[in-house]
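The feature region 'Disordered' is assigned by TrEMBL to 1-159. Positions annotated as compositional bias 'Acidic residues' by TrEMBL: 52-130, 147-159. What TrEMBL records for 170-425 is domain 'BOP1 N-terminal'. Per TrEMBL, repeat 'WD' is recorded for 432-473, 692-723, 754-779.
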Amino acid sequence: MRERRATTGFKVAGIATGKSNGAKSSRKEPIKSVNPKQTATKPKKRAAPAQEESDDDLEDFGNVEIDINSDEEDEEIDENDAEESDNEVEEFPEDQSEGEEEDVAADENEDEDEDDDYMAGDSLDEEDWNEEAKISQRPTKLPEIEANYDSDSSTEDVENTVGNVPMEWYDDFPHIGYDIDGKRVLRPAKGDELEKFLSTMDDPDSWRSVSVDKEGKDMVLNDEELDIIRRIQGGDIPDADYNPYEPTVEWFSSKKEVMPLSAAPEPKRRFIPSKWEAKKVMKIVRAIRTGRIVPRKPATEKPRFYNLWGDEDEPREDHIMHIPAPKMKLPEHDESYNPPEEYLPTEQEIKEWKDLDPEDRPKNYLPTKYNSLRQVPAYGRFIQERFERCLDLYLAPRVRKNRLNIDPDSLIPKLPSPKDLQPFPTQQSISYEGHTGRIRCFSLDPVGLYMISGSDDQTVRLWEISTGRCLNTWTFDGVIHSIAWNPNRELCLFAVSVGHGNVTLITPPRIGSPEQISLTDEYIQQGYAAMSTAGSDDKEARNPIPWVKPNAADQEKLGYRVHLSHTQAVKQITWHRKGDYFATVAPDAKNLAVLIHQITKYQTQAPFRKLKGLVQRVMFHPTKPLFFVATQLYVRVYNLMKQELIKTLQSGVKWISSLDVHPGGDNVIVGSYDKRLCWFDLDLSARPYKTLRYHSQAIRQVTFHRRYPLFASASDDGSIQIFHGMVYNDLLQNPLIVPVKILRGHQVVNSLGVLDIEFHPTQPWIVSSGADHSLRLWT
């Protein structure tokens, strides 16, 4: 029956049916309304194999039920069912045995008992409703799909192979199609109406038979197919095992997506030829044209056999990355078996060689002389030397270094020629002799006619620059630490630091014009007047240090104007551009390390309550109210008007020694004791724009020229480096720094070289002083 149904093309509303594996398929009683004359037959039950399920399987797999029977067992069960059904159809009710009648009676009694449980008019309890609801909501156990050979209906035997074509095409022919061998399938004979009636009366399955036009035969519907038809007629779901109330699986969210998720619009490049593929093709074409790729190259014929007893094969060429091992050192004359006498060691040399450690010996052997070659014994260090050679070969990796063919001139930045950057000092013109100690400091007057210098011989000398003549000499009680001329051209005044914190303002006699002398006296008198009018308490509050007026004799003879007494030695004096203020630096004076003095009021101010670090140098800005303070590591820039810190320059050196500001005010140079010179661009960054390291010893002083684009550095190596430093008005262009000249002439005494330098205010000259008691002018 199964094979017959499989060959038919019968379908009911296109709905597939499902059957639970391992569940008994119960045949229902025929519907009375369809055929009231149908005789009661024994219900045919198909035997189903027992199925064992564990609780774990049910929990893990849910609705999936696993069929443990094989396909062969299913086929055997189906065949047995078919045989049983055929046999039962052939038997008549009156011929049934007593045992079968008893079974039928028992089944009928069971049906009556079941009907007695629920009669018409009875009401269901709430527990029964809940139980039925739970049963209806249980997940349905679906059979597992076995993708084996028998599950494909395309492999079933089909008698008529015409396919899904209208059977009306064969109405005028005695056959209804062709089989798989191409033979005609004859149309089966059809009986008349009487025969149909008799078959209906005799055959108990006639009411469930359906005519199949494709086969020309009748097919008997099973209970499952009848159940599907009954459900379709009643408007129910055809599949009895289908649960319409299973939990919803949201394959897509309910949110509306405006843009495509996986179906994005194709880009334009997908529809145009690929330029990269064209480049690859052109690369291959060029290789073919140049001969690097030879298409259809004939294969080299290799001999099938080779001469086993012939000569050795030709040596294989070394790999392109092969690096030959270094050759061993050739033997020397003293390794000969009969070396000359001068190569033979003496007894003393042999003893010294043996006393040395093996790794300290210059050679690992002693030259030995033999009279003839046959007397030379076996070499005792042969295995050791071979072992060391092997270690050298596999423990010392060999690397091929690719040498770059680079023009050395291309690595050097292109700088203008020094000849195009003249004028700058190139040679020594005058040497000023007279000091007997180290000349630590000197200063030139604003006009450029005179120069004063201070030395360790406790004297200050006044020089005429053009002639080198000493005009005047002042003798003090201590070492001269610093000296500075007032930058105001209308005044004739300089300050000198002597010994342990004494600062004296001096007007040199017989060199200034009457106008300069009178204006200088007015400055000094204004200070005396301010000091006399102020009370004693006011003086102490305003002046951390005392201002002392010298006696009349010193004023008249030596030109002393005023004395200032600091608590510690003053290492530097620097003037403001207007000449009314000057600042002093006493590094050991703690909070009084930096003081600013005003001449016209005889007033001293301590701008810093607490200083961070040891102050080395200070400097006034040439055009703005800014004050530069250099400590050991940093340069801090303060605004004197707002009284605040505006910038901190990070030099990156270990100890700052000197400082100078460009006349334009936007660039600063810093010298250090660790041989570095740093150029800072205040508009660019707080870090050095350039760091120069040309000196071999510590840098003592750096300075800018006030008119020419020049700056210089002096060092303890006895040299002076002259640089061309052009600062452009265009803020987008960086300064140009070119070293142009090295001046040598000072002698290094006790590791001290050039101690101080300063450019001439109007000429491209420079003056230097050193530890060799000399003061030199370079032009």
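Keep in mind that glycine also has a Cβ here, set from the backbone N, Cα and C atoms.
Helix first, then strand, then coil: DSSP counts for the repeat 'WD' (754-779) stand at 0 helix, 15 strand, 11 coil. Under DSSP, residues within the repeat 'WD' (432-473) fall into helix, strand and coil as 0 helix, 23 strand, 19 coil.
When the repeat 'WD' (692-723) is classified with DSSP, helix, strand and coil residues number 0 helix, 18 strand, 14 coil. Over the repeat 'WD' (432-473) the predicted model carries a mean pLDDT of 91.
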